[in-house]
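These notes are about the structure you will find just below.
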Amino acid sequence: GTGSSGTVVRAADLRTIPRALHKTISWGDGASTGPGARRPRCAQVGSLGPRAHLGMLWFPPYTCEDGGPHGRPHSEYFVAGRERIGQDSAYEQEGKVQFVIDAVYAMGHALHAMHRDLCPGRVGLCPRMDPVDGTQLLKYIRSVNFSGIAGNPVTFNENGDAPGRYDIYQYQLRNGSAEYKVIGSWTDHLHLRIERMHWPGSGQQLPRSICSLPCQPGERKKTVKGMPCCWHCEPCTGYQYQVDRYTCKTCPYDMRPTENRTGCQPIPIIKLEWDSPWAVLPLFLAVVGIAATLFVVVTFVRYNDTPIVKASGRELSYVLLAGIFLCYATTFLMIAEPDLGTCSLRRIFLGLGMSISYAALLTKTNRIYRIFEQGKRSVSAPRFISPASQLAITFSLISLQLLGICVWFVVDPSHSVVDFQDQRTLDPRFARGVLKCDISDLSLICLLGYSMLLMVTCTVYAIKTRGVPETFNEAKPIGFTMYTTCIVWLAFIPIFFGTSQSADKLYIQTTTLTVSVSLSASVSLGMLYMPKVYIILFHPEQNVPKRKRSLKAVVTAATMSNKFTQKGSFRPNGEAKSELCENLEAPVLGERPEVDIVGGSRRDIGEHRLQRGAPLSPTKRSGETGDLPSQ
């Protein structure tokens with residue numbers, strides 16, 4: 001707290017000041033009680049006689065109230081008459097008395113200078129000073145310059161004012177004693193002795209005595225109703241920054257506030273990096289898968305004319321391998337930095353690889369199904385089972401995927417975007433913008449939807465051909481492949497869409513998608529090709545031509561397969577299959593093992609003769625093999 005010069009009191013009155021004023025600051029005129037203050041001593045009141053009331057001057061409450069030194073009563077002390085107030089007692093002279101004394105001296109010095117000038121060498125007044133001219137005397141008063149009773153110079157300025165001199169005090173309580181301690185002064189400028197000040201607590205920490213503290217950067221002032229000079233400091237929150245002392249404003253959508261919230265800065269942009277832990281597993285599967293696919297392709301090309309490769313349907317096998325390769329290669333496109341080229345390639349190849357794979361598998365399963373269904377009704381071969389027809393059907397299915405992609409490019413050209421919503425956290429320090437291709441979840445499902453349709457259709461045909469004897473072609477491996485693939489994608493869907501609100505959506509969905517595509521390709525590669533590669537490389541004795549079956553043998557197999565399927569409820573499945581295989585291995589009347597029911601014109605001739613019941617003419621045994629008529 002502060003006070004005027006009137007708040008400064010004598011030491012004798014300090015005990016009456018409330019303790020609430022402890023450590024308060026005040027100031028007063030630069031008054032002084034003069035030199036010579038000593039430790040007070042008690043005096044004998046009785047020696048004062050009729051001036052006994054003056055004895056009160058010698059008995060400060062805190063020195064003589066309970067007796068003098070050595071506990072003697074007041075009456076044992078006396079005043080000798082030579083004592084000086086302020087030196088031989090604890091009495092303190094009123095501080096403003098010095099100004100009265102200095103004023104009297106100023107008048108005396110002025111009269112002395114005036115007498116010296118107007119009455120030189122004269123004692124007493126001369127006619128020029130009788131009477132004294134007040135205006136002239138004022139000039140002499142303003143011209144005086146001497147040391148006052150306190151030792152301070154006494155002068156006046158051109159306006160007749162004495163120079164301002166103020167002492168600065170602090171009311172201090174220490175060890176039970178109280179005093180107004182001078183901590184500084186002001187004479188034309190401030191002289192402050194901080195080390196003499198004392199405060200609660202540590203004693204050196206300055207307290208704050210203001211209505212409101214200044215607001216920190218990033219805080220706005222909210223004025224207090226009815227107190228225009230006081231305010232509360234409110235921090236700018238969320239994505240706000242401080243515009244001025246009273247206003248906070250939200251940063252633009254692609255920016256966040258600076259550390260001290262005095263401005264905005266761009267939000268950092270992230271993407272899936274090649275060295276990210278989320279990319280390690282997809283890249284590993286893709287690299288291993290591509291290497292395995294190339295190994296299978298090289299093996300098949302090298303042993304292209306061997307019976308196992310021919311029996312697998314070389315044309316569709318290579319188409320399927322191309323689709324598997326694209327499935328693995330898609331991983332690199334999904335992790336690469338999104339731009340116009342990368343986003344365009346993602347649209348093309350993400351669904352294309354799967355469409356090629358499942359179109360080839362669907363064509364294979366459909367061919368097997370149609371052959372056995374046709375065999376149940378007649379001995380004529382079904383249409384479109386030649387290699388050329390199979391390729392035409394496969395590429396027709398693939399072309400639908402390409403057509404959909406072209407329409408998508410026309411309606412919505414591909415481009416990359418920065419999504420600031422995915423990772424817009426409550427704390428702006430952790431906000432990030434996600435660089436990605438402009439493909440929504442719905443667009444992605446539409447992109448993969450056609451591949452899913454092919455996969456489901458292929459699975460249906462695999463189920464329908466599950467009763468085909470094990471000695472007939474790839475029906476069983478294709479069935480297991482499709483069942484496993486369906487399980488993979490059934491696990492993919494809840495993971496992909498269940499993390500759509502996650503802060504790590506970019507990483508989780510990309511990893512899930514690429515791993516699912518790679519696993520699907522790995523299932524096809526492992527179940528359909530690795531057993532053949534194993535036989536080709538490690539058991540070449542099994543890679544030999546087998547007796548080629550005529551259409552009549554296929555018809556017989558289809559008929560007996562249907563027959564024993566109906567008996568499944570009466571006989572164990574193993575017995576029915578054994579009997580079926582035994583009947584198929586027995587010679588069929590009129591069958592010529594050399595007849596090729598698929599090989600061009602010879603197929604037509606054979607079919608025609610079979611329909612007429614004519615015997616088939618023998619031909620040279622072909623090197624091709626296969627449980628079904630070879631593709």
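Just so it is clear, glycine is given a Cβ too, placed from its N, Cα and C backbone atoms.
Going by TrEMBL, these are the annotated features:
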- 595-610: compositional bias 'Basic and acidic residues' (COMPBIAS)
- 278-552: domain 'G-protein coupled receptors family 3 profile' (DOMAIN)
- 595-631: region 'Disordered' (REGION)
- 278-304: transmembrane segment (TRANSMEM)
- 316-336: transmembrane segment (TRANSMEM)
- 348-369: transmembrane segment (TRANSMEM)
- 442-463: transmembrane segment (TRANSMEM)
- 475-497: transmembrane segment (TRANSMEM)
- 517-539: transmembrane segment (TRANSMEM)
Hey, which of 278-304, 348-369, 442-463, 475-497 has the most Cβ-Cβ pairs under 8 Å against the transmembrane segment (517-539)? 278-304
Restricting to the same chain and to residues at least six past its boundaries, which positions have a Cβ under 8 Å from a Cβ of the transmembrane segment (475-497)? 361, 364-365, 368, 441, 452, 455-456, 458-459, 462-463, 465-466, 468, 508-509, 512-513, 516, 519-520, 523-524, 527-528, 531
Segment-level pLDDT (mean, integer) for the domain 'G-protein coupled receptors family 3 profile' (278-552): 87
Given 278-304, 348-369, 442-463, the one sharing the most C-beta pairs under 8 Å with the transmembrane segment (316-336) is 348-369
